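Student: Next up is a structure, given as structure tokens.
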Amino acid sequence: MSSERVRGIQVHRPIIFGSHARLLTEAEKQLAPAGHTHKWTVFLNSAASPPLKQGEPPDYEDIDYLPGGADDLSYFIRKVTFKLHETYATPNRVIDKPPYRVSETGWGEFTVQIRIQLIPESSEKPLGLQHNIKLHHWGAPVEPLPVVSGAPTPTPVPTESNTEVKLEPDTPAPLEESVTPAPTIQRPASEPATNEPGSNQGTPAPPGGDSTEQIKVDVATPALEVIEPSATPAPLSLAARLPIHAWQYDEIVFSDPPRQFLDILNAHPPTPLPAKSRRPRDQREDYEARKKGKSAARGASVTASARASRAGTVDTAAAGTPAPAQIGIPGEPGSADVPLEFTQEMLKGEHNAMLDARVKIVEQMDRWRERLIALEKELAKAKEDVKATAAM
């Protein structure tokens, strides 16, 4: 029978899932809801990436590049449901054919629930994954953070009468001075003050004999000239202009698959992973290569390549959009160290890392066992001392 399971067999299919995010262009901001700053894409792909095409610009130079996707996974996946944040219209997005991805705009990070439903021949229940969408870079950036000038410093200037301005902290200022920033008009002493909305008519004259009108005139006299910031916004750092990749590798394992489903899997073997990356390892390596001039044949600089991308985010990115690029724990990988392609080298590295972790766990277990034995001996000796003391 086709539904009979083949015992003692496990078949795996490698996948990668995660998110890609970048700043909105000015044109995209006009179409996006108010307050949205980023465009993001959550995806599920096969682990292997397609090979680079000769005579065409490298795909990783496209600012909307996604890793993986060499294989069509519809031969065993019936549909993928991405459950977004409830504030989005139709938060449950069902994708029933490749590519399995959802693109939206937003301003905040949240966790996406991913539900994978397999074809009926698999006789398997739906699988569940989750991924936290990353909108901001973390860890050490690819270049040093730009020096940000401080807040504008008030520059004192002399008044027209060249007299020293004295501040009276104990003098109650009229209410309209704190509400309405417009300067107060100086009136002659004989002219009565008009009743303005919000004026403090019941305030008694302050000590020293100064009238309220005199205080208004003194406050209205400009004593400080504030240097306004430049109308030209500061340019975004390179780290802010680069996209944010956040993805992880996983394997869908089928144990004792039905005969019919096993035949389907055998008819669609996964594309082998490359031994080494055919693309730059990560954004940091790509930046260093461009900085040293090693990639002149394919584009000269990060800015030039981004201008050639379909999104064009670098040229049209909105200045003033928040672009965090904070330094993380020294030595810890950051967003600039996320690989652009999954390879056998990475697979072996993860395997070796797991072996090293296992060795460290065994070493720690041995140390704790030795300590436990020593403490048990100390406890037994203490009990003997207590018995000897009680017998005396």
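Cβ from N, Cα, C; glycine included.
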Student: Check each of the ranges 69-104, 357-392 against Swiss-Prot and return the one annotated as coiled coil.
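Tutor: Matching range for coiled coil: 357-392.
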Student: Reported in the order helix, strand, coil, what are the DSSP residue counts of the compositional bias 'Basic and acidic residues' (280-290)?
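Tutor: Tallying H, G and I as helix, E and B as strand, the rest coil: 8 helix, 0 strand, 3 coil.
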